[in-house]
Amino acid sequence: MALCKKTVGSVLEEWCLNEPLFGCKRHQNVRKKLRLIRIIGLLVSVVAISTFSLSISAFFKMETHSTVLASSLESQKLVHGHQRTLLDFMEQNEGSTPDSPTSMKHEAEHDNATEEHSKGEYPEDLFSLEERRKGAVILHVIGMIYMFIALAIVCDEFFVPSLTVITEKLSISDDVAGATFMAAGGSAPELFTSLIGVFISHSNVGIGTIVGSAVFNILFVIGMCALFSREILNLTWWPLFRDVSFYIVDLILLIIFFLDNLIMWWESLTLLTAYFCYVTFMKFNVQVEEWVKKVLNRNKVEKATTGDAEGKSPTAGDKDDQTLTTKPRLQRGGSSASLHNSLMRNSIFQLMIHTLDPLAEELGSYGNLKYYDTMTEEGKFKERASILHKIAKKKCQVEDSERQNGAANHEKGAKVEVAVTPPSDSGPVQNGIAHNVDEENEEDEDQPLSLAWPDTPRKQLTYLLVLPIVFPLWVSLPDVRNPRSRKFFPITFFGSISWIAFFSYLMVWWAHQVGETIGISEEIMGLTILAAGTSIPDLITSVIVARKGLGDMAVSSSVGSNIFDITVGLPLPWLLYAVINNFSPVTVSSNGLFCAIVLLFIMLLFVILSIAFCKWRMNKFLGFLMFGLYFVFLIVSVLLEDKVIQCPVSI
């Protein structure tokens, strides 16, 4: 890999310039990097949208409270002239306007609501409510954001690698591993937030977080992928059809179970069964996909075969190009739902410290090799694309054998790999280069978490900010990416779960304190701030995937990752609660969460229609449309939760 000495010019190049100054030539597919300023702008935009929604909620709450307070003061003035008696109080209530009696009634309801809002087994805060309202709440906000980062690091650097080892030990197929263990690794914060909401805070914060995270993944993530992609990406229908079909069924079940405000144990078991049905389908996903495509595209395959047979030598290059452009689509279409949980997320610390687009820099080291070509070679991007690469290679081979003779197309694939190597390299040199590339990949991939001091001021500042999180994890958890620590994967697995539970508890607790200070419920905090915060790592890695041209992976993973949340993140805590409490039902009554789930279902349909309207392309218009839908969802959900507007369907 070409290296450049860090100078003032290279630092300026890294921050500002699109073209290199000192001869470090970038690959033609690598134009811009996801610089830190873009990620900061992304986070600011998410916080701004959520804050705007919360401000609207707070405004309506303040207006209602001021009206009630004014009526209460006015009623007190009427009886201030003489000593209040029980008769005076009864006469006052009888002669008042309909709004006046709510002064005492509202006080009682407000006290009950305060007790309801403040309930939960949280420790006593260091700051009183008045101190938090005078500015101390900013510390809780900073701590909450810090917990978002902590959850991302512990999941990506320790939990997901330990799950990878477990899948290898159990010899689980790649599709099933992606739908189970890797999905659990990516959705662990939402799952533990739901557990805390059921057993500790006794609120619907988990439901709000999962529903809000689902909408965030579908609308905001897809919108960001459409805006940040280097080119207009064409999408294939299979992954979207597969995941959306399961997701729609799961949402319909959830809506039906929500109708009576109670979740019975068998309803939780039904949702878990739906998840196992999805896992079973993923077990045979390759066979089902190939069978469906064979039935639907039989005529197209025959045309491609006859066309190739008619003109073999003049169209050989064109056929190779078609194969190169088709293979990535099949790889994306057939990939498991949790792509960036296994491919990208276990390098989040490197994303924060060293580079925000690691695969882009690695692409530049392969000279004339294209990204899609490297994806077809065994050994390239071995660890970072461990699960994805196996699935992609398997699907490419199935595609080749289905279209024509497997051997003929395999030879073409091999010829393409030789053709894209520099012509000046002979066979031995080419093998040497391939060997060096594999060594570089192994060194990069198998290298455990490094706490080495960075070389630039920006990286050093980020390093110091993240070190209080990384160092305790590095000390307490064995890094299974180190071959000597690989055998300690059970310690890493259970230790990561403990850290995730601890960080999730702090996140929900501080979110509760922030909501209590501002005057909003935990459900709204879950729908907005917590949902966005727990989904930021998925957002960043999905954008990176989209910038690599893998639009299908970004879309299918956005939808597929929500299946785990709906069918495991919600029903598992409910089922555990029912088992512990003699199978008693779980109360899920909430002002706006039911309509929020219905709204999520409607937004999912809008996403499908929008993608179809854009002719299955991820363009800028689709991105802005997704942003608009997400903004509408936030506003409507907050207004529903605060009863500013009434839910048309009463439960």
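Note: Cβ is positioned from N, Cα and C throughout, glycine not excepted.
Per Swiss-Prot, the features are as follows:
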- 1-38: topological domain 'Cytoplasmic' (TOPO_DOM)
- 60-134: topological domain 'Extracellular' (TOPO_DOM)
- 92-123: region 'Disordered' (REGION)
- 93-103: compositional bias 'Polar residues' (COMPBIAS)
- 104-122: compositional bias 'Basic and acidic residues' (COMPBIAS)
- ASN112: N-linked glycosylation site (CARBOHYD)
- 156-179: topological domain 'Cytoplasmic' (TOPO_DOM)
- 176-216: repeat 'Alpha-1' (REPEAT)
- 201-206: topological domain 'Extracellular' (TOPO_DOM)
- 228-245: topological domain 'Cytoplasmic' (TOPO_DOM)
- 267-459: topological domain 'Extracellular' (TOPO_DOM)
- 304-338: region 'Disordered' (REGION)
- 304-322: compositional bias 'Basic and acidic residues' (COMPBIAS)
- 323-338: compositional bias 'Polar residues' (COMPBIAS)
- 481-487: topological domain 'Cytoplasmic' (TOPO_DOM)
- 509-523: topological domain 'Extracellular' (TOPO_DOM)
- 531-562: repeat 'Alpha-2' (REPEAT)
- 545-562: topological domain 'Cytoplasmic' (TOPO_DOM)
- 584-592: topological domain 'Extracellular' (TOPO_DOM)
- 614-620: topological domain 'Cytoplasmic' (TOPO_DOM)
- 642-651: topological domain 'Extracellular' (TOPO_DOM)
DSSP residue counts for the topological domain 'Cytoplasmic' (228-245), split into helix, strand and coil: 10 helix, 2 strand, 6 coil
Secondary structure content, the topological domain 'Cytoplasmic' (156-179) (per DSSP, counts of residues): 20 helix, 0 strand, 4 coil
Residues from the same chain, set at least six apart from the ends of the topological domain 'Cytoplasmic' (614-620), whose C-beta lies under 8 A from its own: 222, 225-227, 229, 232-237, 546, 551, 554-555
